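Chemist: My questions will all concern the structure given below.
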Amino acid sequence: NNLLIPHKILYEGKCLYVVVLMATFWCTEALPLAVTAMLPVCLFPTLGILPSKKVCPQYFLETNFLFLSGLVMASSIEEWGLHRRIALKVLSIVGVKPAWLIMGMMMTSSFLSMWLSNTATTAMMLPIANAILESLFGDLETLKEKCQSAVKLHSLPSVPSEKQILMDGMEQSDVRTSAEIRSESQYQLKVWKGFLICIPYAASIGGTATLTGTAPNLILIGQLKSYFPDCDLINFGSWFAFAFPLMLIFLFLGWLWIAFLYGGLNTRLCFKKQDQRAQAEARAQALIEDDYRKLGPINFAEGAISFFFILFAVLLFTRDPKFVTGWSVFFKKGYVSDAVTGVIIVSILFFFPSQKPSLSWWFDPQASNTPYVPLLSWKKAQDSVPWNIILLLGGGFAMAKACEESGLASWIGGHLHPLAEVPPAAAVMLITAFLACFTEFASNTATIIIFLPVIAELAIHVSVNPLYFMIPATVGCSYAFMLPVSTPPNSIAFASGHLMVKDMVKTGFVMNILGVLSVSLAMNTWGVAMFNLNTYPEWAHPINKSAVLTDVHFSSVQSLNATL
């Protein structure tokens, strides 16, 4: 026993050192995130924690192939501009009243971010939003100058000056007082902020609805397979069935809050009014319809991408959705995964033609033959894949494997017994709120990598279904709304120069509360029914085997020492 305890502590201490070092580098970004993610390849073998033959395979598990196939599908959608057609079509349907337009922006951004990256969705939607806003309110700088001039003139008599009339616009036939100008300008500036802030928020919310939408979802799958090999409850279909309704609820609550805060909720939603705002809305509607008209009719490439995109989603959803029998039963059990499905579909994109094939050359050898261009080239796919994120996923899986093998995760879980007194429903809210706050200062991928093993051990020690804690933690890591540095979409919107930090903090604080409440509602209603969260599952017991195997390993070391 004297030999066993120090030897075991040594393993756990070494692993803890690497985890703390990587967490520090990830949170401070002292090194690029991808470089920090490669440290396990150097440190775990040299410190004797894990051999390289166990570390290196973690960097390209089947989860990474699912992520890769989602990125390749997204790059083909961007290549042929299908995402822009979808965005303009949705906006033309919802109308141009500010609240409805904010809803349209949020719906489109969330839907696109389910398949594209959150950053790409935000970067694509913001120019569209700015063009619509300029049609509604004019140039942003002019609007700011008008607001400032109205403030300066606010103390003057209500008889308008010549300068005031010019500031109000040559095209307007009525003459408004300085107070009216100020009120209208402030309202327009608030609406502008609402447009800019709703897009990154909706992109972050939408990314939670699919496994490929954001990296933390894939890390959950990878760590579940590492810790609980017998757990097969989470796949693309079952996750979508759980997370999509959650996304819709949170999106609706977020829309209500943003529209209320930034002036979009008023009687104009239900009643038409012939005034200057109505004229501006008509101009914005014309701009959207004109931009959509310029795209022309849907061409063969867009139609083909739409078909494969729908096929991609349907096959992933129906492979094994758990609540009904999926098509995977036609194959050997356990052989076909979501990664296999995704790679099959995206492989077709590299040889399927982007132009309608013509057989005229078959009947006329002299007929001109159009050049063969596939839907997607490897160069385009290679340029669009963020390899740093793939390395980050691998680093997280390697860290989780080392925590399991060394016994560090069990050691940490053993020190969390005080949390056993907290009711599980309250623990879900606390976990979600804590990670939503922590991820404001660190990337969501790094946050979930650091805390998911600890949360899994916590669930084991309090005899709660691990999914009951791990799913809210994963979703909560995507709810970073309060700071510009929290997520790349927030940074892109903040870089527009119109948003201030206090705007994001004020809006994001309530968004975080709404997110925590939405997740708690989902977990305690349809989440319980889908994943049977009220019972402690059989597949959760193998995690204890790692501790047993570790004890056996140390016992063998003790026996060897005694023999020597």
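Using N, Cα and C of the backbone, Cβ positions are placed for all residues, glycine too.
Here's the feature list from TrEMBL:
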TRANSMEM  15-39  transmembrane segment
TRANSMEM  98-116  transmembrane segment
TRANSMEM  194-221  transmembrane segment
TRANSMEM  233-258  transmembrane segment
TRANSMEM  300-318  transmembrane segment
TRANSMEM  330-352  transmembrane segment
TRANSMEM  424-455  transmembrane segment
TRANSMEM  467-487  transmembrane segment
TRANSMEM  508-529  transmembrane segment
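For each listed feature, how buried is it and what is near it?
Modeler: For the transmembrane segment (98-116), same-chain residues at least 6 beyond its ends with a Cβ under 8 Å from one of its own Cβ atoms are 70, 73-74, 77-78, 83, 86-87, 90-91, 122, 124-125, 129, 132, 136, 191, 194-195, 198-199, 201-207, 209-210, 212-213, 247, 251, 254-255, 258-259, 262-266, 269, 284, 309, 313.
Long-range neighbours of the transmembrane segment (194-221) within the same chain, counting only residues 6 or more positions beyond its ends whose Cβ lies under 8 Å from a Cβ of the stretch, are 63-64, 66-67, 69-71, 98, 101-102, 105-107, 109-115, 117-119, 121-122, 125-126, 129, 132-133, 234-236, 239-240, 243-244, 246-247, 250-251, 254-255, 258-259, 261-264, 338, 342, 389, 392-393, 396-397, 444-445, 447-449, 452, 470-471, 474-475, 477-481, 487, 489-490, 492-493, 496, 498-499, 503-504, 507-508, 511, 515.
Sequence-distant contacts of the transmembrane segment (300-318) (same chain, at least 6 residues past either end, Cβ-Cβ under 8 Å): 69, 73, 76-77, 80-82, 85, 115, 236-237, 240, 326-327, 338, 341-342, 345-346, 348-349, 352, 354-356, 375.
Beyond the transmembrane segment (330-352), the same-chain residues lying 6 or more positions past its ends with a Cβ under 8 Å from any Cβ of the stretch are 62-63, 65-66, 68-70, 72-73, 76, 211-212, 235-236, 304-305, 308, 311-312, 315-316, 319, 374-378, 381.
Sequence-distant contacts of the transmembrane segment (424-455) (same chain, six or more residues past either end, CB-CB distance under 8 Å): 19, 23, 26-27, 33, 214-216, 219-220, 223, 227, 389, 392-393, 395-396, 399-400, 403-404, 408-409, 412-413, 416, 462, 464, 466, 468-470, 472-480, 482-483, 485-487, 512, 515-517, 519-520, 523-524.
Under 8 Å from some Cβ of the transmembrane segment (467-487) lie the Cβ atoms of residues 118, 200-201, 204-205, 207-208, 214, 216-217, 219-220, 223-224, 231, 233-234, 242-243, 246, 424, 427-428, 431-436, 439-441, 444-445, 447-448, 451-452, 455-456, 458-459, 493-494, 499, 501, 504-505, 507-509, 511-512, 515-516, 519-520, 523, 527, 531, 533, all in the same chain and six or more residues away from its ends.
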Chemist: Residue list, the transmembrane segment (233-258) vs rest of chain: Cβ under 8 Å, 6 or more residues beyond ends.
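Modeler: For the transmembrane segment (233-258), the far contacts come to 66, 102-103, 106-107, 110, 194, 197-198, 201-202, 205-206, 208-212, 217, 220-221, 224, 264-265, 316-323, 326, 337-338, 341, 467, 471, 475, 507, 510-511, 514-515, 518-519, 521-522, 526-527, 530-531.
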